[in-house]
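Below: the structure, in structure tokens.
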Amino acid sequence: MTHFAQQLAHTLGRAFADLGLPAELGLVTRAQKPEFGHFQCNGAMAGAKAAGRNPRDIATALAEHLSKDPMIARCDVAGPGFLNITVSDAALVAHAEALAVDPRVGAQILETPRRVIVDYAGPNVAKSMHVGHLRATIIGDSIKRLYRFRGDQVWGDAHFGDWGFQMGLLIASLAEEQPELPYFDAGFSGPYPAHSPVSLADLERIYPAAAALAKTDVAARDRARKATAELQAGRPGYRALWQHFVAVSRSALEREFAALGVTFDLWLGESDADPLIPEMIADLDAKGLLQDDQGARVVFVHDKLVPKKDGGEGPNVAPLLVVSSEGSAMYGTTDLATILDRVRRFQAELIIYCVDQRQAEHFETVFRAADKAGYLQREALDHIGFGTMNGPDGKPFKTREGGVLKLHDLITMVREKAQAKIDEAGVGQDWPAEERADIAHKVGMAALKFADLQNFRGTSYIFDLDRFLSFEGKTGPYLLYAAVRIKSILRKADEAGIGPGPIANLEPAERDLILTLDGFEHALRGAYDKRAPHILADHAYALAGAFSAFYTACPILSAGDEATRASRLTLAKATLNQLVLTLDLLGIEAPERM
Ligand code: ARG
């Protein structure tokens with residue numbers, strides 16, 4: 001179904017064309033203030049300027065044209081040539097009824113869906129996730145949900161960091177610690193034990209120690225390098241051991257993602273791109289793109305390959321290091337090969353990387369190289385960076401001891417605090433403990449996710465759990481409360497035998513609610529085009545606010561007559577459906593009651 005702004009733009013576009021002016025001038029936006037009507041169009045001024053005509057004359061002619069349309073109650077010319085448009089009650093009613101029976105509550109489907117990969121979270125073997133992974137995970141998850149909801153074919157990929165020098169460090173260090181393990185015996189002919197010789201706790205202990213040692217101890221570094229090379233060359237014992245590292249890490253990571261309500265369609269790792277590297281290097285070489293640079297092999301990408309949208313040139317970036325002077329493939333090599341893999345395996349038409357803003361230059365380099373090599377065009381590759389979650393001091397969030405907070409500890413902390421708030425508010429004292437724990441978890445996750453997603457992703461924000469968990473203001477718990485309140489109204493209506501019915505007799509708050517519901521598609525498009533979930537967060541908040549104003553002005557169950565009760569119930573149901581959909585796109589789930 002089309003939304004009002006679209007319909008009006010269409011009608012106005014024709015009116016502009018009748019006046020010999022471009023139809024695009026019919027662009028319409030929601031009015032800023034209620035006294036300006038529901039929508040406004042500023043096209044008359046731009047059209048008049050270009051054609052050397054009087055803007056008020058044009059606006060008056062347009063208003064006359066529009067006043068014949070049954071959808072429009074009134075259309076006024078204001079100031080130098082603004083058009084203020086008020087939609088008729090008949091149109092609002094018809095629209096609300098259509099929304100109420102639409103399972104997508106007004107959301108349209110893309111005409112030309114694409115094949116999209118969303119690369120997000122980016123966890124690593126042997127490292128538990130910390131707060132820094134939170135934004136990459138929840139922003140990426142929301143983008144994936146949004147793109148899929150709009151109709152694209154989407155694969156969310158964790159792009160597991162399971163390759164490279166880190167793996168060599170683990171192997172070499174374990175070989176020092178437990179040389180008797182069969183994985184280190186080059187003569188061993190298998191089979192290797194099915195049970196992992198290390199737990200996640202072991203990996204988390206070994207890795208930082210090994211990384212620190214390799215910084216100062218040349219011999220240790222050389223052992224790790226050698227192990228990396230042998231692993232990559234396919235030494236059976238190392239491969240078998242590495243598979244244990246991967247499996248142990250992955251199952252722990254998946255538990256954490258599950259707590260966040262985040263899943264992936266693909267758990268491809270950096271290692272999956274590895275087999276493509278030799279052939280890719282040969283290809284880059286054959287295309288004349290590889291150059292020697294102090295013993296390393298690089299692709300220069302600082303040329304004016306990427307004109308920016310504003311007409312300028314993209315920034316200068318460092319060359320892509322494909323093969324280091326020691327002969328190994330690098331982080332960027334893997335990313336380039338991964339692009340090739342994604343194009344071949346999934347025919348990817350768009351790849352969105354949801355990774356910390358600090359990796360912007362890395363991606364710019366890789367994307368330019370991919371474009372130069374003809375793997376995927378620069379426009380089909382997008383790094384959507386984000387700012388950091390900061391502590392009260394404005395610096396990236398740290399624990400009280402000054403360390404990095406583990407994601408697991410953060411989730412526990414948020415859940416406990418949510419439970420305390422709920423207890424304090426006396427929510428469901430006689431409900432089953434299991435349900436109360438589930439509510440606390442949902443409230444906590446809603447608080448955490450909404451606090452993050454409501455900011456434009458590029459902005460950093462301060463972690464303030466008390467504010468995030470407040471039931472008032474622009475918070476996750478407030479939105480859950482709004483959804484739960486409607487659920488409870490619907491349950492009570494059901495018990496009282498009141499059912500939804502045709503919409504009748506609009507009050508001002510009802511008009512406003514319908515117009516807010518109508519804004520869903522606009523919000524979806526904005527969030528999609530800008531790859532910015534905060535636009536959806538804004539919509540959810542506006543919808544909850546419009547419902548609250550409606551409910552204050554228009555009681556539902558206690559309304560005087562049956563027709564009014566039924567009409568308002570229809571609006572409440574449509575609101576709940578759209579609110580639940582919007583929250584779902586943010587990865588937020590509301591409980592049944594709270
Ligand atoms: N594992 C990487 C890190 O911890 C993030 C991966 C991001 N994605 C990518 N395609 N490079 O920094």
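Glycine residues also receive a Cβ, built from the backbone N, Cα and C atoms like all the rest.
The domain 'Arginyl tRNA synthetase N-terminal' annotation in TrEMBL covers 2-87. For 123-133, the entry in TrEMBL reads motif ''HIGH' region'. According to TrEMBL, the feature domain 'DALR anticodon binding' maps to 479-594.
Distant neighbours of the motif ''HIGH' region' (123-133): 158, 160-162, 166-167, 170, 200, 203-204, 206-207, 245-246, 249, 252-253, 256, 356, 388-389, 396-397, 404-408, 410; these residues of the same chain sit at least 6 beyond its ends, with a Cβ under 8 Å from one of its Cβ atoms. According to DSSP, the domain 'DALR anticodon binding' (479-594) comprises 83 helix, 0 strand, 33 coil. The average pLDDT computed over the domain 'DALR anticodon binding' (479-594) stands at 97. Across the motif ''HIGH' region' (123-133), DSSP helix (H, G, I), strand (E, B) and coil residues number 2 helix, 2 strand, 7 coil.
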